[in-house]
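Some features that TrEMBL has for this protein:
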- A:6-23: transmembrane segment (TRANSMEM)
- A:30-51: transmembrane segment (TRANSMEM)
- A:71-94: transmembrane segment (TRANSMEM)
- A:106-125: transmembrane segment (TRANSMEM)
- A:126-413: domain 'NADH:quinone oxidoreductase/Mrp antiporter transmembrane' (DOMAIN)
- A:131-149: transmembrane segment (TRANSMEM)
- A:161-183: transmembrane segment (TRANSMEM)
- A:203-228: transmembrane segment (TRANSMEM)
- A:273-295: transmembrane segment (TRANSMEM)
- A:307-330: transmembrane segment (TRANSMEM)
- A:367-392: transmembrane segment (TRANSMEM)
- A:404-426: transmembrane segment (TRANSMEM)
- A:452-474: transmembrane segment (TRANSMEM)
């Protein structure tokens, strides 16, 4: 058992226990931050190991694959674990300023850390049923985080979030169970061979559709996204920031894993569906955002439209397109979390998230305005920020594949994204506050100012750095895409050379 | 035997869908309960039913003479049942909380997280 594979999961879970025991006290808050720092250290170590040795796998409890549970990290998994740790640390620090003693006493930090543990587990597992278990871990933690404020609005959002996500969960379970019944294995690397060798390819496609719906609902693609805009604007800002950054991406990751590793027998059918789904997801998301007037609701709809780009990269299934999807996934997590954190600061300063009831931030809090510009323009795809390269690669890949319609939609959605970012800019930052207030950052206590602005600045710097030096990240994503499209190394690492 | 269990699973799922299409949250939850039970049955059937052949080794670890049930689907089921129980308990608690907050369980009328209509 390789410890570097287990620690990214164990550290958050141990931290969750500690934070629960120390809940409500300052020590509990600090334990959460310390755990997040440790996670980040281990995640950096994991990326180092993967860069050095390629795909690494470990068998839990020493049970040989395909009988035991496998933990496995390739470029994509390792990068996702690292970005999870970065977001975990940023939001853990940020929530010190937002989460009051009430929520803290109810176990906010424990739930937050177990959510991170579940997310890391989902990225690292090489077993389909184990993936289901990690989905449940992160799901139940997210349920708790969603309602922890106990406000009426949050209960309303949670009802929709919980019910729809539970249906997706049951579908996933059914798909996994039937796949085991048909092939006799649940190890994902082993499933690749078993599914290809199955005499009943129609049944395999049917099961792949069940998993596509289940993961699609988690990823919030059209037409399964309705739980997302109904709930993401209701909880604490720290909670919605970590949800926006990580949760839907777990669904996208699962789609990418399953539809590059296991279900590649009928690409003409399955990936054509993904293609249309991605187009409609991009369009409905961005049009939905245009109709909203709440800071967080606009951002929530943008998550949906951006998910479309990632699924599009997967659907095109060319090396360039999958590389774009990997790059998009990583860039988007940083940008989206940052936008929600900025929305949180804006809410704290102006007292509302309704864009028609706030304003004046450009004049009174120019630093916040400048920091908003970076992720907002990155999301819309302005050069030289990270989002430009992400969109550039995806559009280039669709042009190379002679998918003119796809490329056109991708560009149009980019334009419409600018439109709604302009709306936030004009309403929250540019125009004067309707009540004549002058909301300044100096109104926040000094510690809260550091705790809130520190993570935002750090994430903004990352966005700029990815945009300014894209080649290192693009190379990394290229390697990740190669591993996804030719999983021989992945299969060999899990099952051993002999069974390749 | 598998056919019978499969039909039962299908029946449970169809009942579940009928219940879940209701706008009442409590009915939806009952549907969800039936749905997860139907899926559990389906997994059990997909793992092949072998009555009278428990997955037990004989004296000094001897394998049973002919067939032996596959224990893995049952292990999966146990996990799924426990997880399903936890999630259902949460959903039930949430329903009670929603009832206290809103005074009713009609999902169509739960709109406090939605923007008020015709605001401008």
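Placed from the backbone N, Cα and C atoms, the Cβ positions cover glycine too.
Sequence-distant residue pairs (6 or more apart) of the transmembrane segment (A:30-51) and the transmembrane segment (A:106-125) include at least 3 whose Cβ atoms are under 8 Å, placing the two stretches in contact. Sequence-remote contacts of a segment are chain residues at least 6 beyond its ends whose Cβ falls under 8 Å from one of its Cβ atoms, and for the transmembrane segment (A:203-228) they are 135, 160-161, 163-165, 167-169, 171-172, 174-176, 178-179, 182, 195, 247-252, 254-255, 258-259, 262-263, 265-266, 269-270, 273-274, 277-278, 280-281, 284-285, 300, 303-304, 307-308, 311. When each of A:131-149, A:161-183, A:404-426, A:452-474 is scored by its Cβ pairs under 8 Å to the transmembrane segment (A:71-94), the top-ranked stretch turns out to be A:452-474. Here the transmembrane segment (A:307-330) has long-range neighbours at 75-76, 79-80, 83, 219-222, 225, 248-249, 252-253, 255-256, 259-260, 267, 271-272, 274-275, 277-283, 285, 389-391, 393-394, 396-398, 400-401, 403, 406, 410, 413, 466, 473-474, 477-478, 480-482, 484-485, meaning same-chain residues at least 6 beyond its ends whose C-beta is under 8 angstroms from one of its own.
Long-range neighbours of the transmembrane segment (A:452-474) within the same chain, counting only residues 6 or more positions beyond its ends whose Cβ lies under 8 Å from a Cβ of the stretch, are 86, 89-91, 93-94, 97-98, 323, 327, 330-331, 334-335, 337-338, 341-342, 344-345, 348, 367-368, 371, 374-375, 378, 383-389, 393, 441, 444. Listed by sequence, the residues of this chain that lie at least six past the ends of the transmembrane segment (A:161-183) yet keep a Cβ under 8 A from its Cβ atoms are 128-129, 132, 135-136, 139, 142-143, 146, 191, 194-195, 198, 200, 203-204, 207, 210-211, 213-215, 217-218, 224, 226-227, 230-231.
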